[in-house]
Amino acid sequence: MPRKPARAVAPWVRTRLRTAPGTALAYGLLVLVTAFLAAALPRAVDAYETEGMWHAVDSAPPRRTVVTLTNNVAASLPPERQASEYRQDKLRATRDQLTPLLPKPLRADLANSAYGVHTTKRLPALDPWLPQPDGLPPEFVLDSPSDLAAHSTLTAGRAPAAGPGGAMEAAVTAKTAEALGLKVGSVVHLPGTDGGGTPVTVTGVIEPRDVHSAYWDIDPTLHTPLFTARGIAEVKWYWVASLIVSPESAPALSRTLGEPEQYWRYAPSVGHLTARDADTLRSSLDSAAGGPALVELRSALGPNGQFATDLDEVLAEYAGMRDAIASVVAVAAAGVGAVAAVVLAMTGGLFTARRYAELALLRARGASLPGIGLRLLGETAAVCVPAAALGLLLAVPLVGDPGGARLWPAALAATGAALIAALVLPVRAMVLHRRPVLHGGREDLVSARPSRRRTVTELTLLVLAAGAVTALRRRGTGAGSGDYLVSSAPVLVGLIAAFVLIRVYPLPLRWAARPARRLRGAVGYLSLARAGRSSATGALPLLALLMALTTAAFGGSVLAGVSDARDRAAYLAAGADAQITHDVGWTPLPAGLADTVKAFPGVRELSPVQIEYGLELPSAQGSTDNGMGAPLVGIEPVSYARLAARSGFGPFPADLLRSTGTGGPRNVGNTDRVIPAIASPRVAERLGERPMEITAAAGRFHVKVVAVRTVTPALPDQDFLIVNADDLVNRAPTALFVTGGPDDALDGTALRTAVSAKGGKLHVVLREEERARYVDSPMQTGAERLYLAAVGAGAGYAVLAVLLSLLQVAPERTTLLARLRTMGLTRGQARRLLVLEALPQALLAAVGGVLVGWATILLLAPGVDLVRLALADAPVETLALGAALRADVWSLGLPAAGVVLLAGAAATVQAWWASRRGSIKELRAGDAR
């Protein structure tokens, strides 16, 4: 008997997606954006860390990054054999053998690399006609680098070559020729092995094409002679320079007393490396310096071969900054990730609530929980998987360099976003429908009592939050000590605060509703009563808002702390918006310079300062005390006090240094006068409390310390003794501290032009230029951009949380308005009702977000180190300033105010839209509650 054909059943997933295409599209868009952000984060971090490594190597001096291999030819060899070891062809053949043996994964930039022979000892010239400033002859280094013609331009004479009879010929740079009086045809005699002078003939003068390249800068005397000193008790100055010998003359170096050495210098090429290669390269460099790799190198070099470089130290410094910045960035990533997860959970909760009746009916008709869960998982997977894949595909080309950013972390992050988005709806539905019910119970906070399971969960999170905050405060983030628990400290603090607020939220509203019953009209009382009995599912919106506001506050505080640290460091370097001094610090400034600068556009105030260095201080402890010196600083109290207050370096009242009227040339003989002074702690301790006599070029007088300050703008990193310049006998300002206008805009180029026109070698330091020096690392700028993106993403998710919470209660509110309209509720009253009902939770989230953000910053500030993010490669005295995390008012207040305004505006729009629609659907017979 033929079988009866089965009746076709429409596929569940296709049917549900066709039923609500708009909902599926909106959810897919949310998943796409979330997956894009999740995938973009690790790629952005990889990109700026890789660029940071390139920058660290490229910006370091070549003498630190160049890999140098050397070999000493055995002195026991016959002279002819020694000379043959220095031949150009032999050195080139060794170079070809060494290049593939370099530590992996390092590659050499052969265009800027060199090989050759140089003397390891400086050779004093035997010619009396050379300049001898203090009676010491100049000393020369003989060097024969390869490929000289490609790195220099011949300006006079000819290139050196092999001289007749093996004589040495050399070239010198234009600066060397000018400083030492050398010219084409000059002959320099250097000590030789035969006891006489070995002549070196200068055949040409050259100009380096790039003195900052590794070819020239590995030894600065190659291009610029060095004027250096010898001795301690009696200092004597002399010249040190290089004679660039032709490679053909290199064998003749063995006839000098300079102890020649073969060398192969490799400039590193790091364009193919990524941040994750740094540790591997460091290990390889350590092995080449004194491990198994050195044995392999010596197979080409010889038994005396050596390997030397400071590139491993450069990479170690980079790794330290990378780890310190990564720990701070991890806090932002954890915050945004948590907010995104909560918003996805809210979206799933909204979908579950909208389909509660449908799923309850299926459950009542015998549908199993696994069956319902699998069907819902099929629905969400059909939307989430393509959306997450598209987000990943967009993140790969748009964020990070494909060669430097890894794919698998991005893919893993996008997969995680897709899993959360796909599982939240089926898991929530299976939890809500564990048992079939005839109708839903009340879901407001009146009947929602915290279960024991919830209490245990909250206590567990409280313990984790306390542990995370304690670990962050004790261990900090500066040394890269952060882990996942430490990074999630702000999130956990916001989570605990949300749980507390959810528990206490209905109480003040119910208390406020009691007196509202006595007021005229039912809108106020009804809105408070409904807000106090709001859905228990409102916990997720509150949680999302608190976490988003905490993340925004923390991120804004990080950026504010970084900006403050850079401002302080710039003030430390410049003292003011601009500082004008002579190249020699104690030289008085030209007459009329102050008037010229004061008339310059953008200048608001000048503070002339007279600094006298090396002042011998008397001791209050008696003559047996060891000597101590400190600079004497003469100031104009009013302008300098304003400068100190503005910069934050040692502010003081101007009246402390009120003039005694005993200054000027007419008081030269008045040595008994006592003038007030402000001193650094060490100077104040030495001078004591009694007036002490000071003998200086500015006059002879007594000083009494009236105040102590640890720092001052004129000398932020030194001891000092500050007095009123009007009380000095000899007045001669040596520095001008310039304060700009309200916008602090000073044209540095024009200011330098105006200053240089006054004559003298004047030096101008601008605060903005000094500040820009601390933002030149790609890791800093990349981390700051990531923090800005995190704050923006957190704000976006907060807006979405507000809208989702309003959408979740929109059907119920629409029905309520329809029923109340039949009782005489006007449109204006309807708007006020919805706005007043929405505001309590928004106000709670806003006030809670501000308080939690402020408390989080206060708790975590001692453990968050922003120095490496703010100042990077700053000097030690600048790093000592630190970079503290501080609460930023705008980051705390603006997002919170935005949440309240958005909630009120959304409720107003909802009331307007509901009033324009008809009420037939909401009032039809048999409508559910």
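The count begins at 1 with the first shown residue.
Each residue, glycine too, has its Cβ placed from N, Cα and C.
Database features, via TrEMBL:
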type	residues	note
TRANSMEM	324-351	transmembrane segment
TRANSMEM	372-395	transmembrane segment
TRANSMEM	407-425	transmembrane segment
TRANSMEM	455-472	transmembrane segment
TRANSMEM	484-505	transmembrane segment
TRANSMEM	540-562	transmembrane segment
TRANSMEM	786-811	transmembrane segment
DOMAIN	798-912	domain 'ABC3 transporter permease C-terminal'
TRANSMEM	832-861	transmembrane segment
TRANSMEM	889-914	transmembrane segment
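For the transmembrane segment (484-505), the residues of the chain that approach it from at least six positions outside its boundaries are 327, 330-331, 333-335, 338, 445, 450, 458, 461-462, 464-465, 467-469, 471-472, 475, 477, 538-539, 542-543, 546-547, 549-551, 554, 841, 844, 848, 851-852, 855-856, 859-860, judged by C-beta separation under 8 angstroms.
Between the transmembrane segment (889-914) and the transmembrane segment (540-562) there are 3 or more Cβ pairs closer than 8 Å, counting only residues 6 or more apart in sequence, so the two stretches are in contact. At the 8 Å Cβ cutoff, the transmembrane segment (540-562) and the transmembrane segment (324-351) share at least 3 close pairs (sequence separation 6 or more) and count as touching. Shown for the domain 'ABC3 transporter permease C-terminal' (798-912): DSSP residue counts in helix, strand and coil, namely 94 helix, 0 strand, 21 coil. Most Cβ pairs under 8 Å to the transmembrane segment (832-861), among the stretches 324-351, 372-395, 407-425, 786-811, belong to 786-811. Confidence for the domain 'ABC3 transporter permease C-terminal' (798-912), expressed as mean pLDDT, is 75.
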